[in-house]
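One structure is given here, and the rest of the page talks about it.
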Amino acid sequence: MSMRFIVGRAGTGKSTLCRQEIHKESQEHPEGLPLILLVPEQATHQMEMSLAHDPQSGGILRAQVLSFRRLGWRVFSEVGGGGKAVIGEVGKRMLLRRLLLNHRSDLRVFARSATRPGMADLLAQAIAEFKIYRITPDQLRGIEDADELLLQKTHELAFLYEELNKSLGTAARDPDDELNLVAGKISQAPFLQGAKIWVDGFKGFTPQELYVIQAMLGTAAEITVSLPLDPELLKAGTPRFKPGEELFYEPRQTYQGLVDLAREAKASISHVFLTETHRFEKAGLKHLERFYNAYPTQTFPGGDDSTAPDPLGIALFPAANKRAEVEGVARELRRLAREEGRTWRDCSVVTRDLPGYQGIIEQVFNAHEIPYFLDHKRPVIHHPLLELLLSAIETVQKDWAYEPLFRCLKTDFFPCSKDRIDRLENYCLAYGIHGSAWKGNRSWSYYPDPNHKEETAGLNETRQIIYDLFSPFDQAIRPHPEAGGPSVTVAQITEAIYELLIRLKVPEHLQEWAEAAHSRGDLAEAQLQNQIWDAVIQVLDELVAGLGEEVMDLSDFAMILTSGLENLQLGLIPPGYDQVLVGSLDRSRNPETAVLFLLGANDGILPGKPSDEGVFDELERLRLESKGIMLAPKGKVQVYEEQYFIYTALTRAREQLYISYPLTDEEGRGLTVSPVIHRLKMIFPGLPEKYLSLDEEEPGALPHPYALLPAYALHLQKLRQGSSLSPLWQAIRLWFLSQTAAFPQVQLLEKGLRDQNEEGKLPQPLARQLYGKRLVTSVSRLELFARCPFAHFAQYGLKLKERSNYRLSPPDMGQFFHAVLHDYAIALRERGLDWGELSKEQSWQLVNETAEPIALQLQNKILLSNARYRYLTHKLKRTVHHAVRVLGEHARQGVFLPMELEVKFGPQEALPPLEVPLSGGNSLLLRGQIDRIDGAVLGHEIYLRIFDYKSREAHVSLNQIYHGLDLQLLAYLDAALQGAQILVSSSGLAEGSKGSEGSEGSEDSEDSTIHPAGFLYFPVLEPQLKSKTLLYPEQLEKDRIKAVKVKGYLLADRQVLLAMDRDLENSSLLGIKLTKSGEFKKGSPILTEEQFALLRKHLQHFLRCSGEALLEGDISITPYRQGKHTACQFCSYKPLCHFDPYLPENNYRNLPVIQDEEFWQRVQSQDSEQYPEQHPPTSVPGETSRRALQKDGGNSPRGQELIWLGEDEAGAGKEDDGHE
């Protein structure tokens, strides 16, 4: 029984000596007792490979490479004790999550954070630390004379620690307890009796691991432990470390602990001191290892190879940023492979900040076609299988809600194509299908159009497949306490999950994905797909082992399972032999390598900052230590540990060490270099540096062609913008053009150089086929065309539209307002009532009567779908009620009467269309729907006023009219005036007029002249008032009515305006202001009749110009811009047009702001031939039009179903399908 120490600094051959001794033993005694090489878990694969490929070892017939965990398995397999189910790290976190939920009321310190994400992780780490350092719950409870917070913490941790052990019971075991169990059974393990054991690759051991070593001392013939330690420290026997020696702090402490164990066991102790370094082939690397931590500084004096091209073997790579840094490393790796014949496995890349570099390394190395292996555990929370588990449970929990259900369906495990799932999703979104609508055998038939029967049948087939697969899972885990059904246990839920996975053939899918990854050369992905099934099943097994018989609701189960799956990580072994190893500096074992790249040498990263995470802070750990509770070292010891990590990284390379660091972060802010760089420059004055940037021009620095493609695209863009290519890039371009078969992306990039992001014109025959010889269009279409011709083409030519969604949008609310106001007016007319006659209570009652049936028809009864929408319905009714109160005030103050409601004009409609002749015998016909036309007879004159309801504040200006951005009111007025005789005849206006002061009703409307009285936007809004004083209800009502302002233009005729508001001088309804002399104030929204005529002429001019442009095929990407407003602000087609104002061919149409005076000057200066006079018909057309008006103009109740009528808020009356 003996313990032997192999002690030496980095590169002195400790691991080599261990392998040589194992080789010698196996050669001398081929059939002797086992030769065990005990190494860190991460190094087992690497050491097995080393032994297997060592030509002297003869393989590993006697030798066994074990980690402490594998050693435990071997012991249990020989002597028993390993039959219990193992609850791993994931399982413990799930158990702790459950304990926190169950005992939250018993906790004080941890109560508030019990449900906080990550709390179970912190507690699991704390309890694991207690077990590893062999601290019992009783020891925690026994702490006295500490502050109250620390005492409460330790008592609560002791409670949770004990409850966790109880949860594990006798049926399961915690891996953190295994080494204690292993130590107790080692004496019974035959394979360890008389065995020789080498322990290599450790700088320190936990108390549990020391316990195992102590147990092996009693059975093994000899234990050899290699330690990375300067032999001079042991020879000197110094009790304290000198400056620079702190990096050996942990190995020195470990050595002392092992010596104490050996002496206690009365084992003999011997030493092998290795003082000569054998690893380093460059004098600089050898000097660096010996003197990096030596004080005073030992400057490199040169050496035997000082005349060689690179006597140091060390180079610094400052870089512009992280991407430039990794790009430079990738180029150097390819150069080493190309020029020096290096294999990929000769090179390693390490960093202290692997998460910060991982994504960039993956992108850049893939682009350079550098095979690499990322040595870290992969989190798999975003894997489709885990998403399936969590979304399936959430789907049942939320009763088949849309969002979790379609997350579940999009995992690709259901036997439905992506296209079928997408179509199903669109359908469900459009009609608000969720919950009970999925269940049962009732088919869906929400499409109102019978032409969709075939598509509906396909959707129902897909729904049935999903329901048949998913409903057994729903029924199995859904508790039914109201029906007296049994509660559901964790085991039952888990069994149902497993059965769902089998029904969906998840293992087969994963196997297919693994094979596909393997076939495309992604071996790491193939490994992951092969491992994920077993990992998930292990999590479910651990859940059952720990909580199987516990009754649990789905929300708690989902929370616990989520906490477990979030911590699920998979460790992969290198899938290929010749790969660049990419790893983190703090791994337990970083292997020796020929060439090493150390990335991220910045302050705060190298060395890393000591971690303050955990249940206990540094001060609390010191207090616990004073009470005899020894935990993992923190603070100062972590600083020593960081120095050791740096030492390890600097001494891994045999031939070449590259150290790189970015000078700026992603936002261009400067970064400070690491103290390591300053130290290196002190030791090696004149250390070579090479600055890395993304704009390299030296041919020797060119990367792999695939990695050049982004830079190639950038240079082509510069070429397109007028710059010239350097000779190097001219040569690169010629080479790429000769290799288009190997690089198909080049053709696309070159095409982009020639292509312009612009659309010309459709061929005229195609435009006429698309829009028709008689171009039937609407105001909203022409306004869109004025904003951007391409947007008009996308919406009305290509007929693109956004996905329908089952929600109440602003257009839906506008539709509701229009419908209620229409039916309210019809109800008044049928009851012989006037708008101004009803009291507030009576109008509210009538609004309710008219709104209820409309709410049933809107968006598949969306207003009745839940409590929120039912409340919103009440608010919408209040808004409409306020609108009718304001309209009632208009009626009380004036003599204008509603003539017709929702009057359609267009081909085959009540009123004729606005028709404009175009060139080539073509014509434009404008159609639409006018919300409300009011009329008044003043003397022998008839005046018409247009109202258009808006569910928002709307304004109209001459500037907008001039540019065609807002033509709605003007077009409606023009249509009403053209069909005025039809309106007057059908409405009986002349006979039913209230008259006005000084006027009488006309006896013969045929002899009356019809004039425009104005056009107005009426906002259907419920204003919110602010007042510093308390208002009585009557005053509040008046103020709220005054707050609703109509916007538009009115006729500049005092008699006409008095007919609208008899209190004109103090008008709150029209926004008209008068001077003391009774004149109109400047800025009042009034126009003369001649100006209304000019507006109508301008409309005709605009319609003609727009019609000609449409039929000429104008689909140009030319959005307007005026001030801060552009056509692109709320455009849905930006992903389609790719408009980019920075491209030379993409420019806004900058529209000047036209002031009112300039507007009239421009309109009046136009050639009169451009404005053909258009007179209203002098005689009433035939009875067909009159009957059509009586049928469609608003005299009958609304039909059975509401149909959204487009951008005009029920403006067009039917779909804008282009041509007649």
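Note that Cβ sites are derived from N, Cα and C of the backbone, with glycine treated the same way.
Cross-referencing Cys1105, Cys1137 with the [4Fe-4S] cluster binding residues that Swiss-Prot gives (Cys788, Cys1128, Cys1131) picks out Cys1137. Compute the center of the Cβ atoms of Cys788, Cys1128, Cys1131, Cys1137, which mark the site for [4Fe-4S] cluster; besides them, the chain residues with Cβ within 8 Å of that center are Arg787, Phe790, Ala791, Ile1117, Pro1119, Ala1127, Tyr1133, Lys1134, Phe1139. In three-state terms derived from DSSP, Lys14 (ATP binding site) belongs to a helical segment. Its own atom aside, the Cβ of Arg9 (ATP binding site) has 20 Cβ atoms within 10 angstroms in the protein chains shown. Closest in space to Ala10 (ATP binding site), of the binding-site residues given as Cys788, Cys1128, Cys1131, Cys1137, is Cys1137, taking the CA atom of each residue. According to its DSSP assignment, Gly8 (ATP binding site) is in a strand. There are 22 other Cβ atoms within 10 Å of the Cβ belonging to Gly8 (ATP binding site). Within 8 Å of the centroid defined by the CB atoms of Gly8, Arg9, Ala10, Gly11, Thr12, Gly13, Lys14, Ser15, the record's ATP site, lie the Cβ atoms of Pro228, Leu274, Thr277, His278, Arg279, excluding the listed residues themselves. Under 8 Å, Cβ to Cβ, and six or more positions away along its own chain, Gly11 (ATP binding site) finds Thr277, His278, Arg279, Phe280, Lys286, Glu289, Glu592, Thr651. Residues belonging to the domain 'UvrD-like helicase ATP-binding' (1-281) score a mean pLDDT of 83 in the model. The number of other Cβ atoms within 10 Å of the Cβ belonging to Ala10 (ATP binding site), over all protein chains shown, comes to 19.
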